[in-house]
Amino acid sequence: MDAILGVFFWSSVIGLAAPLLLASLGETLAQRAGLFTIGIEGLMLGGAFAAVAGAIVSGNALVGLAAGAFVGLGLGAVYAAMVVLARADQVVVGIGFNLIVLGLTSLFRRTLFPGGMTAPDTSLLAPVPIPGLSAVPWLGEVLFDQSPVVYLVYLLVPVTAWVLWRSRWGLAVRASGDGAVAASAQGVPVLRVRMQAMLVNGALAGAAGGILVLVQSGGVFVDDITNGRGYLVLALVMFARWLPVRVMIGAVVFGAADALQYVGQTIVGDGFPPALFLMAPFVLALVVWLAVSTKSKGPRDLGLPLLG
């Protein structure tokens with residue numbers, strides 16, 4: 001029990017939740033606009049690869065993180081062209097997209113970086129204690145001794161909420177996912193709004209992949225490093241009912257399930273298979289899907305193309 005209540009566990013939770021939170025904020029915007037992005041796993045994976053590649057080439061982790069966001073933006077544009085402009089089935093495109101990105105990143109890693117992919121220096125993304133606040137026992141050590149990008153991710157929660165509920169673009173996003181035909185008849189450029197939402201989603205997912213690999217994984221890229229986290233994002237957004245603040249709470253819950261891999265063996269003893277702790281986030285995701293899939297009242301046009 002001491003391990004679960006300890007600073008290390010909860011500090012890990014806050015850090016592990018950050019990439020899930022960032023990707024989920026983008027997915028919240030996309031789903032509010034009517035786009036169910038099964039391909040977010042591929043967006044995160046492509047961003048993770050680009051982040052490490054950019055850091056290797058430039059020698060700068062911040063450049064690598066920007067590269068991850070940029071590649072995520074580009075992949076998001078390709079994805080949007082297929083599901084928004086070409087009106088292809090969003091589930092089929094998403095599954096195929098994930099498989100293609102997985103294959104391409106594996107191919108590029110082997111051909112372009114045969115000696116392995118490790119960012120040479122990630123010190124710019126190392127934890128930075130906030131003076132004064134980080135000295136507060138337990139709470140300060142958990143919340144205020146994180147990487148600067150982790151702070152930024154959590155600050156994006158109120159920004160996303162404001163954009164979604166207080167801005168004209170946010171109103172157009174919600175209208176595009178909750179009555180697209182009526183919104184289009186009233187002059188809302190639904191296709192353009194959905195394209196924009198998908199571009200934002202792609203950039204945030206790519207940056208989330210970059211944070212995952214540069215901040216949480218020591219700058220090392222291996223094949224399929226996202227390991228299904230994109231699917232966790234989809235479950236998380238449904239769990240949160242498409243509300244940014246609830247997305248943050250859900251991300252911390254999923255982060256806690258993920259962090260069990262670090263302390264679980266201490267709690268239950270060596271006789272317990274450690275692989276079961278790695279399953280915890282996905283078991284939680286399955287429970288969430290079963291619990292909310294029949295009760296959730298999401299955007300009415302979620303996953304549906306604009307016809308006519």
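Please read every residue number as a count from 1 along the shown chain.
Backbone N, Cα and C atoms are what each Cβ position is placed from, and that goes for glycine too.
The transmembrane segment annotation in TrEMBL covers 6-26, 33-56, 62-84, 91-108, 148-165, 199-222, 242-263, 275-292.
A Cβ distance under 8 Å defines the sequence-distant neighbours of the transmembrane segment (275-292), meaning residues of its chain 6+ beyond its ends; these are 228, 231-232, 235-236, 238-239, 241, 253-254, 257-258, 260-261, 264-265.
Residues 36-43, 45-46, 48-49, 53, 75, 79, 82-83, 223-224, 230, 303 of the same chain lie 6+ residues outside the transmembrane segment (91-108) yet bring a C-beta within less than 8 angstroms of a C-beta in it. Beyond its flanks by at least six residues, the transmembrane segment (6-26) meets 40, 43-44, 138, 141-143, 145-147, 149-150, 153-154, 156-157, 160, 200-205, 207-209, 211-212, 215-216, 229-230, 232-233, 236-237, 240, 244, 247-248, 250-252, 254-256, 258-259, 262-263 of its own chain at Cβ-Cβ distances under 8 Å. Outside the transmembrane segment (242-263) by six or more residues, the chain places 3-4, 6, 8-9, 12-18, 20-21, 24-25, 28, 31-32, 154, 157-158, 160-161, 164, 232, 236, 274, 277-278, 280-281, 283-285, 298-299 with a CB less than 8 A from a CB of the stretch.
Taking Cβ pairs closer than 8 Å, the transmembrane segment (33-56) reaches residues 19, 23, 26-27, 63-72, 75-76, 79-80, 83-84, 90-91, 93-95, 97-102, 104-105, 108-109, 112-113, 117-122, 173-174, 176-178, 180, 190, 193-194, 197-198, 201-202, 205-210, 212-214, 219-221, 224-226, 228-231, 233-234, 299, 301-304, 306 in its own chain, all 6 or more past its ends.
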